[in-house]
Amino acid sequence: MRVRKRKGAEEHLANNPHYVILNPEDAKGRWHDVFGNDRPIHIEVGSGKGGFITGMALKNPDINYIGIDIQLSVLSYALDKVLASEVPNVKLLRVDGSSLTNYFEDGEVDMMYLNFSDPWPKTKHEKRRLTYKDFLDTYKRILPEHGEIHFKTDNRGLFEYSLASFSQYGMTLRQIWLDLHASNYEGNVMTEYEEKFSNKGQVIYRVEANF
């Protein structure tokens, strides 16, 4: 979902280097040094306005979180949430999800989240979907053996495509929810998008998958 260009967004990010890693390639292989501890590292690709990553960081202070989004204005809103929450265990990156191996060593990330990714519904755009096999190649490299992906969407077509993509890649579909908010699943942290559309009755799909 595109967000209107925000005036001063670039300066906002540049003025907060404690949270926004401006040269993430320099952190490759040393993310524990960046955080100053050896706690697990979880990343969210397509972190949007930061509601999920901030909520997870508040809920799990013993885990380090990295929110990743390519959109400048969106990431600046995520920074607002991080600053307001004063969470010490969050960093933000403005990079593309296809280039993660430039910023993380093999096995350096413990878990990753894909929340409400662009569905790219046209067949000619299949390679842009974040659950396309080329993206899975990248994720597999930066995650440990049997690394885990948690995926949420409100788009039934993307969900079915992603289940098939995970399965064809040889991943294990550990748990599947066809209506997350109607289930007994506890501990769900919502994104801004999820909260908005679930309040309108939109069904939310979720899967946990392992390599």
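Cβ coordinates are placed from backbone N, Cα and C, and glycine is handled just like the others.
Annotated active site per Swiss-Prot: Asp118, in sequence order, evidence recorded as similarity to another entry.
Other Cβ atoms within 10 Å of the Cβ of Asp96 (S-adenosyl-L-methionine binding site) number 12 in total over all chains. Taken from Swiss-Prot, the feature S-adenosyl-L-methionine binding site covers Glu44, Asp69, Asp96, Asp118, and the record attributes it to sequence analysis.
What Swiss-Prot lists as substrate binding site is Lys122, Asp154, Thr191, Glu192, Tyr193, Glu194. Long-range neighbours of Glu194 (substrate binding site) (same chain, six or more residues apart, CB within less than 8 Å of its CB): Asn115, Phe116, Lys152, Asp154, Ile204.
Residue counts for the region 'Interaction with RNA' (124-129) under DSSP, helix first, then strand, then coil, are 5 helix, 0 strand, 1 coil. Feature annotation from Swiss-Prot assigns region 'Interaction with RNA' to 124-129.
It is 15 Å from the Cα atom of Glu192 (substrate binding site) to that of Asp69 (S-adenosyl-L-methionine binding site). Within 8 Å of the centroid defined by the CB atoms of Glu44, Asp69, Asp96, Asp118, the record's S-adenosyl-L-methionine site, lie the Cβ atoms of Val45, Gly46, Ser47, Gly48, Ile68, Ile70, Gln71, Gly97, Ser117, Leu130, excluding the listed residues themselves.
Recorded residues Asp96 (S-adenosyl-L-methionine binding site) and Asp118 (active site) have their alpha carbons 13 Å apart, per Cα-Cα distance.
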